[in-house]
Each structure stands twice: as C-alpha cells, then as structure tokens.
Amino acid sequence: MEGEAQQSEVQLRVNSRQWSKVVHPLEIDPSSASKAIATVEHRGMKHFKNWVPWLIPFFVIVNVIVFIITMYVNDCPKNLVHCIAPFLGRFSFQPFKENPLLGSSLLTLSNMGALDVQKVIYEQQGWRLITCMWLHGGVFHLLANMFGILVVGIRLELEFGFVLIGLLFVIFGFGGSLLSALFIGRRISVGASGALFGLLGAMLSELITNWSLYEKKLGALFTLVFVIVINLAVGILPHMDNFAHIGGFLSGFLIGFVFLVRPPFGWIKQRNAPPLSFLSLIKDKPKFNIYQCFSWGLALILLIVGFTTGLMALLHGVDANDYCSWCHYLSCVPTSRWSCSPKLSSCVTEQIDNQLNMICSSNGKSTIYNMQNPTDSQIYEWCAQICN
C-alpha cells in the first residue's frame with residue numbers, strides 16, 4: 001500500500017512544467033506470488049480462528065470507486081480536444097503523451113489528494129500521506145495493484161482478521177508515503193503499492209516469527225524472499241517510486257514481528273493435550289519463545305524511532321538526498337540505455353536575490369523559484385521537471 005512521461009513520448013511518469021507524477025505499480029510475478037502464498041499454510045489447529053475475509057475486497061472496491069470519481073472530476077473533453085476513448089465522455093483518458101497509464105491529468109490527481117511534499121510541509125496537508133494511497137495514475141496502475149492486494153491481503157485477513165489487517169494496511173501505506181516524501185522532492189506520488197509491499201513484508205516476518213507453525217518452511221521462505229527481491233529490483237528502473245516500495249516493505253516487516261506473532265507449536269500442542277496426558281503433566285511451556293520476545297522488542301523500538309524520525313524530518317522540510325548521496329540509486333540506477341535525471345549542465349541557472357531563474361538548454365523552457373542558495377539536489381530535481 002504503501003506505488004517521467006515527456007510530452008512527446010510514453011513513459012511511466014507524467015511531467016508538466018511544474019510537477020511530475022510518480023507511480024509505483026505492482027511488479028509482482030503473479031505465478032511466483034501465488035506459489036509463495038499457496039506454500040505458506042498453517043497446520044490445522046483449533047487454537048486459531050479462520051476469519052471470513054471481506055475488508056481487503058472492500059478496500060479494492062473503494063480504490064476502484066475513487067478512480068471512477070477521479071476520472072469524472074478530470075473530465076478530459078472539457079480541457080482537451082484529443083482524448084483517449086472519447087466515447088466514454090467525461091470519463092475518457094488523457095492523451096498517451098501525458099499519461100500512458102490510461103488515467104487522469106496530473107493536476108486532477110493533485111487536487112484529489114496526491115502526495116505533494118510542498119503542500120504537506122508548508123500548507124499543513126499531512127492527510128495527503130494517507131489519501132495518496134487510494135489514488136492511481138491509470139487503469140493499468142490500478143489493476144496491477146488491486147490484483148496484488150487481493151492475492152496477498154486476503155491470505156493475511158483470513159488468518160488474522162479484518163480489524164488488525166485493515167489497520168495495518170493503512171499503516172503500511174503511510175510508511176511507504178513517509179519514506180517517499182523524504183526523497184521525491186517536488187514530484188507528486190500516488191498508488192497503493194506501498195501498502196502492498198507492506199503486506200509482503202508482514203507475510204515474511206510472520207513466517208519467520210511463527211516458524212514452528214509452518215510446513216515446508218524453507219521452500220516457502222525462499223519463494224517469498226525471491227518474489228520480494230525481484231519486485232524491489234524492478235523498482236530501480238527509471239520512473240518508479242521505489243522509495244514507496246521500500247518504506248512500505250520495511251514498515252510491514254517490522255510490524256509483522258509486533259502484531260502477527262503467535263505462540264509456538266509446542267505451547268499449542270500442550271494446551272490442546274487431553275487431561276492427564278503426558279504433555280499436560282509436564283512443566284508448562286512458555287507462551288512465546290525467547291527469539292519471538294527479542295524480535296518483538298527490537299522491531300517495536302525500530303518502528304517508534306523510524307516513524308518519529310521520519311515525521312520530524314519531513315515536517316522540518318528535510319530532503320533526505322542531501323544526507324545520503326547514494327540513496328537515489330535505490331530508486332533508479334542509470335545505465336547506458338537510460339538516465340535517471342538530466343545533467344545539471346543541461347540547465348542554466350541565475351540567482352537574483354531570493355529568486356532562482358532556471359532555463360532548460362534542451363527545450364528552452366524556463367521557470368522562477370523563490371529560493372535562496374538552493375541545494376544541488378533541489379536544482380537537480382527542478383532541472384528534471386522543466387527539461388522533461
């Protein structure tokens with residue numbers, strides 16, 4: 001939960017002169033994910049209740065409804081002559097050169113609650129850290145994320161109930177948005193894949209902390225880790241907001257140790273033993289193992305420190321790129337086939353008092369920023385916006 005297109009070419013990110021949208025769609029291989037989830041099965045025990053999953057499907061329905069409302073508000077024919085699928089009327093899509101995912105405009109997404117760091121910091125719109133996870137860049141983005149959430153989320157809701165998984169789903173999305181906000185600068189971000197990667201992270205930590213309850217442990221662990229690594233690796237391609245993926249995954253992985261811990265198999269077997277049997281007469285086993293207690297405490301501390309530090313940094317307008325010169329490689333690795341951002345030399349800058357005038361050498365576009373002594377990362381980001 002917890003998710004750049006030039007005017008003349010189709011890419012995954014849509015740019016305007018002032019803004020760009022980052023989408024972080026699901027990149028999970030459906031066959032691999034299904035195998036991982038099918039392999040991870042609990043032994044039948046009366047100690048655990050099987051829930052009827054309904055909240056995760058409801059979340060999917062809500063996402064679809066929000067997308068329909070977004071397209072209604074967008075009303076492409078009102079502003080453009082050439083829309084995609086004009087027979088849909090005001091539900092038709094923006095041109096491919098603006099949004100290759102078959103969706104709305106960047107301005108509409110921003111108005112609907114996309115993650116906009118500047119508005120979060122300077123206009124106290126912190127709610128955008130939550131609302132952005134219910135918005136999607138287009139049909140393809142929506143379908144990919146909703147499929148993954150159904151596959152992973154229903155499995156967890158079946159075992160742990162709708163109250164816990166529903167609450168954690170929102171927290172996972174918030175964790176993804178928080179880390180994304182510290183790195184994306186002046187771009188905006190939408191998508192539920194931060195929450196989706198949180199579900200994957202929670203599934204992994206739940207498998208580890210409840211190790212004794214599972215059959216075919218090593219196969220399940222290997223398959224699940226493989227799925228996660230592959231999808232995080234895909235996130236280093238350009239125009240993906242991999243920071244939302246990483247933030248959601250880390251949140252889910254740590255939270256799984258805290259909220260999804262269960263008593264070990266030995267304790268359950270002793271509790272369910274018939275009266276006067278050998279197991280019922282021996283000394284009571286502890287309800288939780290030492291490693292479960294240790295991982296619970298460590299994960300809780302890391303969660304509190306991580307969320308507190310992240311929120312304080314965000315509210316103080318910290319750009320994490322200034323403190324981590326290599327972190328941008330976690331979201332995009334430049335190669336001979338693509339570059340992650342334009343070179344600073346492609347923009348000409350002129351500082352006059354508190355105003356920074358920037359001109360892109362490749363397309364001649366210019367803009368003025370009210371900023372004195374901007375950092376290199378800020379100039380880098382602004383140059384990317386006006387040159388694409």
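Along the chain as shown, the residues are counted starting at 1.
Placed from the backbone N, Cα and C atoms, the Cβ positions cover glycine too.
Quick look at what TrEMBL lists:
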type	residues	note
TRANSMEM	51-72	transmembrane segment
DOMAIN	124-260	domain 'Peptidase S54 rhomboid'
TRANSMEM	133-154	transmembrane segment
TRANSMEM	161-184	transmembrane segment
TRANSMEM	190-211	transmembrane segment
TRANSMEM	218-237	transmembrane segment
TRANSMEM	243-261	transmembrane segment
TRANSMEM	293-315	transmembrane segment
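Under DSSP, the residues of the domain 'Peptidase S54 rhomboid' (124-260) split into helix, strand and coil as follows: 105 helix, 5 strand, 27 coil. Within its own chain, the transmembrane segment (51-72) has Cβ neighbours under 8 Å at 90-91, 93, 103-104, 108-109, 112, 134-136, 139, 142, 145-146, 149-150, 153-154, 157-162, 165-166, 169, 192, counting only residues six or more beyond its boundaries.
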